[in-house]
Every structure is written in structure tokens, then in C-alpha cells.
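In what follows, a single structure is set out as C-alpha cells and then discussed.
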Amino acid sequence: MSICLNKWGGFILLGFSDQPQLEIILFVVVLISYLLTLVGNTTIILVSCLDSKLHTPMYIFLTNLSFLDLALTTSIVPQLLWNLRGPAKTITSTGCVLQLYVSLSLGSTECVLLTIMAFDRYVAVCRPLNYTTVMHPSFCKTLAGIAWLSGVGNTLIQSTITLRLPRCGHRHLHHFLCEVPAMIKLACVDIHANQVQLFVATLVLLLLPMALISVSYGFIAHAVIKIKSSQAWRKALGTCGSHLLVVSLYFGTSSVIYIQPQRSFGHSQGMFLTLFYTVVTPTLNPLIYTLRNKDVKGALRRLLRREQHF
């Protein structure tokens, strides 16, 4: 690792530096979003752990998702806020390497976890009688562990290969964070092999999860169409609606960055898309799951009543 650090040196994150007025607005927006992310996701984790009625497969995965969102934003936002508030746009080589490894690992893990959550919703709607048997707590924890291992494995491969590229003194990143697509562009050698490797990783960790989620919801839609009870319709929509909305927000923006050719949009457009799925989406996730979820709202009320009693 020391060889990689010495070879790559420090970096200058240009970000939105060519739009100083926008930086002020973004500082306020990102700061508020980050605070909401901390409060919202921490609340979901605490409620899911403290309320025994939420010790179910869905909330095991939701707790992992909230922790992922907390960690992902924390690996990006403090440095982003520091760069937005003043003229200094630098990040140390150690900070850049840590951000690259951590953010890519967490983002990859979230792709797999959202796919697992879609499978959980499929079993809940299409195989309700077998749900408790199939989605046993130990099996759910194993699935969550697989998601984390997938993310770690992906970042160990992609980040390490990216950091080994010679850059010939190039240190200006046209981005607000150290991300694989942006860092590959700094290399002063042929990067075709790296682009192929990135495309393969995108197929496995982005397109494949999107396809599996689509198949899961295809089966769910087919099962729901057969339901004649309006109450059952509402229950199915409540069960899947929150997850489907989170999936649409996360995959909708991240897929544009990693699937479309980089030349199809400018630096600013790409950064705004990245900002959305790394900062805005983690802020919206707890709001989506609390506002649309009676179980979470009920658990919050029970905890508040318990606090008032004490």
C-alpha cells in the first residue's frame, strides 16, 4: 500500500470550484442533508434494535441498509463540506485511498443488499405461508454477510487495480470525491483494460442486481394482479412500495454514472448525479421507510411512550 500512496501522492478535488456561488448553496444543502441522514438512519437502527416487534427479516436488512447509508455519507460528506467552505480543495493521498476503498465497498454492498431485500419482498408476497421458514433469521444474517463480503471483494479488486496505474504527476480530479471512473482518467497509460474491468464489475454489481430486482417485482406484480381484495392490494403495496422507491432512486442515478459512456454528460452533470445517490438518497431512505411504514411509526410511538413513562 505504501508504494501506491507514494506513487499517487496528494490530490486536488476540483469539484464545483468553477462555480463559487453554487458552492455556498451546496454547502448548506449538503450539511442539512447529512444531519438528516445521521438522525434518520440512527433512529431506524435504534428502533429496529430496541423494539422486539421489528426483529424480523425485513428489519434486519433495513438496519444494514441504514448503517450502510450512515457509513457511505460519512466517508464522503465531511471532506466535501471542507472543500466547499474554502479555497482549499486538497485531499491527502491516505484520505483519497481510504475514501476510494470505503465508499466503493459500501456502494457495492448496497447494490447486493437491495437485491436481497427484493427477494425478501418476493417471498413475503408470493410465498407468504413459507415466509418464516425460508427467511429464517440466521439465513437473513448470512445473506447480509454475503452482501458485505461482495462489496469488500469488489473494492479490493477495483480500487487496488486503479491505484496501481501510473499517473505521471496528474493530481487534479474533476470530481468532489475519489471515485474509480474519475481516478482512471488520471492515468498516463492505456486504460482500455481498466475500462473493460470496470464494465464487467458494473455488469455484476449493477446490471445483474437490477435484472434480479426486476424479475422479483415481475413475480410480485403477477401475484398481486390475482388478488381481488383491496385490503390485500394495499398491504402488498405497503410491503413493497418503500423498497421499490429506494431502489429506483439509488439504481436510477448510479446506473447513469457507471453504464452510460462518460462522454455522454459533462463533469457537472456527472457530479450532480453522484451527489444524488451518495448524499441525497441516504437522506430520503429513512423518510421513505418511516413515512410509508406503519410498523416503524408504531415502534417510534411505543418507544416515545416508554421514555415518557420512565
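One-based numbering along the chain as shown.
Yeah, the Cβs are placed from backbone N, Cα and C, and that goes for glycine too.
Caution: TrEMBL annotation is automatic and unverified by curators.
Bear in mind that the values here come from a model prediction, so they are computed numbers and not experimental data.
What TrEMBL records for 40-289 is domain 'G-protein coupled receptors family 1 profile'.
Per TrEMBL, the feature transmembrane segment maps to 24-47 (among others).
If you look up TrEMBL, you'll see 59-78 (among others) marked as transmembrane segment.
Counting only same-chain residues 6+ beyond the ends of the transmembrane segment (98-119), those with a CB under 8 A from a CB of the stretch are 58, 61-62, 64-65, 68-69, 71-72, 75-76, 79, 91, 143-144, 146-148, 150-152, 154-156, 158-159, 162-163, 177-180, 183, 205-206, 209, 212-213, 216-217, 243, 246-247, 250-251, 254, 278. If you look up TrEMBL, you'll see 98-119 (among others) marked as transmembrane segment.
A Cβ distance under 8 Å defines the sequence-distant neighbours of the transmembrane segment (139-157), meaning residues of its chain 6+ beyond its ends; these are 57, 60-61, 64, 100-102, 104-110, 112-113, 116, 119-120, 197, 201, 205. Annotation source TrEMBL lists transmembrane segment at 139-157 (among others).
What TrEMBL lists as transmembrane segment is 199-224 (among others). Within the chain carrying the transmembrane segment (199-224), a Cβ under 8 angstroms from the stretch's Cβ atoms is held by residues 108, 111-112, 114-115, 118-119, 121-122, 125-126, 150, 154, 157-158, 233, 236-237, 240, 244, 247, 251, 254-255, 258-259, all 6 or more beyond its ends.
Per TrEMBL, transmembrane segment is recorded for 236-259 (among others).
What TrEMBL records for 271-291 (among others) is transmembrane segment. Residues 15-16, 26, 30, 33-34, 36-37, 40-41, 43-44, 62, 65-66, 69-70, 72-73, 76-77, 80, 103, 107, 175-177, 179, 242, 245-246, 249-250, 253-254, 256-257, 265, 297, 300 of the same chain lie 6+ residues outside the transmembrane segment (271-291) yet bring a C-beta within less than 8 angstroms of a C-beta in it.
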Worksheet item: Which bits of the chain, at least 6 residues beyond where the transmembrane segment (59-78) starts or stops, bring a Cβ under 8 A of a Cβ in it?
Response: 30, 34, 37-38, 40-42, 44-45, 48-49, 98-99, 102-103, 106-107, 109-110, 113-114, 116-117, 120, 137, 140-141, 143-144, 147-148, 177, 246, 278-279, 281-282, 285-286, 289, 295
